[in-house]
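*Asks:* Just passing along the structure, written as structure tokens.
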Amino acid sequence: MASIVQPSPTFPALNLRRSSLIRPPSSVRFPLKCNAADPYKFDGGNSAGFHLLTGDTVPASFSRTRLEDSIYQNTTRLRIFSGTANPILAQEISCYLGLDLGKIKIKRFADGEIYVQLQESVRGCDVFLVQPTCPPANENLMELLVMIDACRRASAKTITAVIPYFGYARADRKTQGRESIAAKLVANLITQSGADRVLACDLHSGQSMGYFDIPVDHVYGQPVILDYLASKAISSEDLVVVSPDVGGVARARAFAKKLSDAPLAIVDKRRHGHNVAEVMNLIGDVKGKVAIMVDDMIDTAGTISKGAALLHQEGAREVYACTTHAVFSPPAISRLSSGLFQEVIITNTIPLSEKNYFPQLTVLSVANLLGETIWRVHDDCSGAIEPFSTLGID
């Protein structure tokens, strides 16, 4: 699906010292990718994505740095390491910062145990470990814990767990008796393993930040998606933002406010079991409108697809789905590509296999948002300046 993206007034260009990065062609095509020169601006057409970038495969153009005053690899105390969960995103972050990814050896023994060895010194360094705990969640979580432990034993000054997608985030409270609160347990594990800070993107609920006994920087992917939607030049009179459930109303309301204070509609549903949802009613008017459905994640797509079907029944002209985290558990792909949606807009917090691409899918990159946040944390700068104040960084 081709998209022509024009500059948008929604988020003005950041007045930061950056130079652009040029992405060369690749066999994997993303309908849209973030322009590394500006976290809020995009390149139209088919910008390239990369399956895996290593020291031997990184294009020469990626050697350009984020800053006019280059970060010198041999003198900086900033180190970025990637786990095996999302090396593409980690490479994009390091390219934005003008750094090479740290050298690390990660392997599985025959019995499935995880082995991690840092292959360069991190003594006295600010270390950032990029590892979403996406499926397989248990494997990726354990790998992150072992990476943190390795950095602590190697005398790193500070260790920040960069978790673009925080697994177990939905288990943040008891819904029935004698249940665990797994989100709190995972927070304890990360803290006790030796992390000094967590950088997470679009947590399922705000209270999850309180589960940690260490600082948490909460980065929102919302500005990236908003800027892309603003570039589509849809009349504000035709827009309506839809929350797929009552729990997402606050998120959808904030989203609508940024889109020219668009009206809000709510899909009222009742869940009869895990990953099973039933649409009950629509609160609001969508007749003849372009409906923008907003959620923090899409798992099996049951909630959002049934909501989209209801919106069409109620007379919506077009339906867009917007989410930060594309978990895409079966049968999500078949539901999302069934024709209910004009476009499905996601970010790259979770790696997406090539077989899961479909024509309506658009992928945006959050690498620059995470890279800028990492730099500000390392440089002891506040993120609470416009437009970074929209990211919720303190």
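A Cβ is built for glycine as well, from the same backbone N, Cα and C atoms used for every other residue.
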*Asks:* I'm validating the feature mapping. Which of 80-95, 240-255, 288-303, 320-335 is tagged region 'Binding of phosphoribosylpyrophosphate' in Swiss-Prot?
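*Replies:* In Swiss-Prot, the region 'Binding of phosphoribosylpyrophosphate' feature sits at 288-303.
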*Asks:* Would you please pick out, from the binding-site residues D202, D213, the one with the fewest other Cβ atoms within 10 Å of its Cβ?
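*Replies:* Result for the binding-site residues D202, D213: minimum number of other Cβ atoms within 10 Å at D213.
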*Asks:* Tell me the Cβ neighbour count for D217 (Mg(2+) binding site), meaning other Cβ atoms within 10 Å of its Cβ, over all protein chains shown.
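*Replies:* Within a 10 Å radius of the Cβ of D217 (Mg(2+) binding site) lie 22 other Cβ atoms.
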*Asks:* Which three-state DSSP class does D217 (Mg(2+) binding site) fall into?
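*Replies:* In three-state terms, D217 (Mg(2+) binding site) counts as strand.
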*Asks:* 10 Å Cβ neighbour count around H204 (Mg(2+) binding site)?
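*Replies:* Taking every protein chain into account, the count is 20.
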